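**Q** Below you'll find the structure I mean.
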Amino acid sequence: MSVSDVLLCFILTGPPSIPTLAPTVPPTAPNDTLLQTTTTRVLTSNGPGTTVVTNAPHVIPTQSQQAYSTTPSMLPTTFTTVSQVDVNVTTHSDDFTPTPGETTSAHLVCLNVKVSRFIASVHTLTLTALTVSYSDPPCCTIFRFFVYLYIVLFLFPDDMPIIAVMIALSCLLVIVFIIIVLYMLRFKKYKQAGSHSNSFRLTNGRADDTELQSVPLLARSPSTNRKYPPILVDKLEEEMNRRTADDNKLFREEFNALPVCPIQASCDAASKEENKEKNRYVNILPYDHSRVHLSLLEGVPDSDFINASYINGYQEKNKFIAAQGPKEETVNDFWRMIWEQNTATIVMVTNLKERKESKCAQYWPDQGCWTYGNIRVSVEDMMVLVDYTIRKFCIQQVGDMSGKKSQRLVTQFHFTSWPDFGVPFTPIGMLKFLKKVKNCNPQYAGPIVVHCSAGVGRTGTFIVIDAMLDMMAAERKVDVFGFVTRIRAQRCQMVQTDMQYVFIFQALLEHYLFGDTELEVTSLETHMSKLYSPSPGSGCGGLEAEFKKLISIKIQNDKMRTGNLPANMKKNRVLQIIPYEFNRVIIPVKRGEENTDYVNASFIDGYRQKDTYIASQGPLQHTTEDFWRMIWEWRSCSIVMLTELEERGQEKCAQYWPSDGVMAYGDISIELKKEEESESYTIRDLLVTNNRENKSRIVRQFHFHGWPEVGMPSDGKGMINIIAAVQKQQQQSGNHPITVHCSAGAGRTGTFCALSTVLERVKAEGILDVFQTVKSLRLQRPHMVQTLEQYEFCYKVVQEYIDAFSDYANFK
């Protein structure tokens, strides 16, 4: 038997019975009435003229018992006894007044009755407190306990002997100590069981009372009893593989098991007639207990409403505000919320229009400043990157009678890579985006405002990834199911689809497997020295260990359908390098001919924009026309050639330009207008004419000669120079895709695209990430950066580029 069991038995059996005196009492008249008094007495009727005083702890009221009262009319009249009667006392019709010879014994009887009754009442209230302690929070139990104590003390007369009070209070202190011990034992037991509620600590913020009563009830059962318990990070990959089997069957089951609305919560404010037009969707309304309250505008009822809800982070109460995308009529309210909540960071996870449908009103000026209600917003800076755009606003409250002219800086992070349908094909961009948000949000600021269109799907996905990354760092486990359940108690339908739910796990696994590989330029040299040192547990150098991670990425052969069609197989130079369906370059079908929309080429994202490059194989003799049709249709004005026509006695690329004069390829004719030799590359200006459309344009080819037939270039100078020349050409001709090719369109082509992307980021941010850049390329086209030597060359060129600058400020 445990200590808690022994203590519990002590309380349940009650205090030991106090011996009672049984003096001889004269009989009473048959018509005497029951004792009339202003105090509650525990009595049993034994017929006319007698009253039995019983040991109070053993008295159980029957169903006919009425409530206790301090008035004679409310005294209980019927009791059932369960123990031997200790004392029989016959009373007179009035107050109990003993005769002179009975004074001592009678007073002893009264003392015994009072003490027994007092201790019995203490025992009763303790038993009650102990009972409710297993369902109420400790604060509620203690409050209830002392309320009962106050009632007991109030009900007893002032003439109770001091010794009786001391005895009873001593018992009371012992019992309080026992209850504290029981609580400690119970807490230890739940902690060892790993209760789910320990994973999410609530610290500060609004709507405390409601959430303490409702939300934590979802997590009282130990997580081991749940069907979807937290996952240790070491098991994350295994669990991911298990759940994605059979077309994500287990993931769908888990998502469908999420409670749509875990609590019974009202949406009265959002449902008011005056506020209905402020809601973008009729089925996405904020709960009253967690909604954001704006200050009331003078003379405008219900102007405190906005469709936005406080959402907890991992260990931070109300870290976020999840909001719907502002409507035209709520933009002023949106900026009022930003000001009143002292928000410094806005996260936007939608585009203004998707599938020709408005998803969010543009609530910021393109340039200059604009006033929204009483908030003036001016654009200070903007940076457009491939996955997101960063805008910096200066906001100021106008018409403030206090005389204060405070200004605040608000940064908007606008994630632009979320597709109209589904989720991003890789979580790399989202993880970079989230890290940027974390690093840029000031510590002093209020909640981070996150919104998409409805403020639940993509918004919830972003918030869950953020919270689970924090949990992963703190506890080495993740609890996606539990956390989504909890935030759905703050705003309905957070994480709206099973695809979003799977994407959360993909992001967490990506972070666990590959970590954070970004580097400041100043730390590259130190990192390079580590790369050439043995990697712990791998048996190889750090550089080789990194590259092994890259080549372990599975090539998705099932997503190369068009390139593997029999009609197109002969168009591929290398059968292992075929474009994926989602980003293959499509050219117009030739009239009357089937399967003429295929060319072995893929769109590749750059640093600032999507589809920056077209990674292509070197044209075959019979695909040269398709190559030029691709150049024309996609308005590519720059071609980078990284191979010779022939190397080691083998053809690597057909000559697709004339040495002089004009050469025709179907409807397109090519004329060499200019050829200029440089130190490591040749520049050719080619006039490309579409004879059917009767239009012409200049296309510049950069033919790099610095790549030897075997091995790598001796240094990175030639590559740095050609990248700079291509970028300058792009600025002059427009940001149309840059066509890059070697022989197969993967090894050298991938190296050029990786270096161009990395160096551009180094110049813009002073940050580089060779590993994730190459990983992203390989997800877009198989075997990009094909060998360990090419991967090492990327690092060497970046280091050489940085060393060319004596001062880091030159990067700016």
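Placed from the backbone N, Cα and C atoms, the Cβ positions cover glycine too.
As listed in TrEMBL for this protein:
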{"type": "TRANSMEM", "residues": "139-156", "note": "transmembrane segment"}
{"type": "TRANSMEM", "residues": "162-185", "note": "transmembrane segment"}
{"type": "DOMAIN", "residues": "251-511", "note": "domain 'Tyrosine-protein phosphatase'"}
{"type": "BINDING", "residues": "D420, C452, S453, A454, G455, V456, G457, R458, Q496", "note": "substrate binding site"}
{"type": "DOMAIN", "residues": "431-502", "note": "domain 'Tyrosine specific protein phosphatases'"}
{"type": "ACT_SITE", "residues": "C452", "note": "active site, phosphocysteine intermediate"}
{"type": "DOMAIN", "residues": "543-801", "note": "domain 'Tyrosine-protein phosphatase'"}
{"type": "DOMAIN", "residues": "717-792", "note": "domain 'Tyrosine specific protein phosphatases'"}
{"type": "ACT_SITE", "residues": "C742", "note": "active site, phosphocysteine intermediate"}
{"type": "MOD_RES", "residues": "Y808", "note": "phosphotyrosine"}
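In terms of burial and nearby residues, how do these features look in this structure?
**A** The Cβ of G455 (substrate binding site) has 29 other Cβ atoms within 10 Å, all protein chains considered.
For C452 (active site, phosphocysteine intermediate), other Cβ atoms within 10 Å of its Cβ number 26.
The average pLDDT computed over the domain 'Tyrosine-protein phosphatase' (543-801) stands at 96.
In terms of DSSP helix, strand and coil, the domain 'Tyrosine specific protein phosphatases' (717-792) has 52 helix, 6 strand, 18 coil.
Long-range Cβ proximity for C742 (active site, phosphocysteine intermediate), meaning a same-chain Cβ under 8 A and a gap of 6 or more residues, is found for G618, M641, L642, T643, K652, C653, R748, T749.
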**Q** Helix, strand, coil: count each for the residues of the domain 'Tyrosine specific protein phosphatases' (431-502), based on DSSP.
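**A** In the domain 'Tyrosine specific protein phosphatases' (431-502), the DSSP-based counts are 43 helix, 6 strand, 23 coil.
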**Q** Which whole number of Å gives the largest C-alpha distance between any two of D420, C452, S453, A454, G455, V456, G457, R458, Q496, the residues noted as binding substrate?
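**A** The two farthest binding residues have Cα atoms 16 Å apart.
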**Q** Sort out for me which one of S453, Q496 has the most neighbouring CB atoms within 10 A, since those are the binding-site residues we care about.
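**A** Output for this query is S453.
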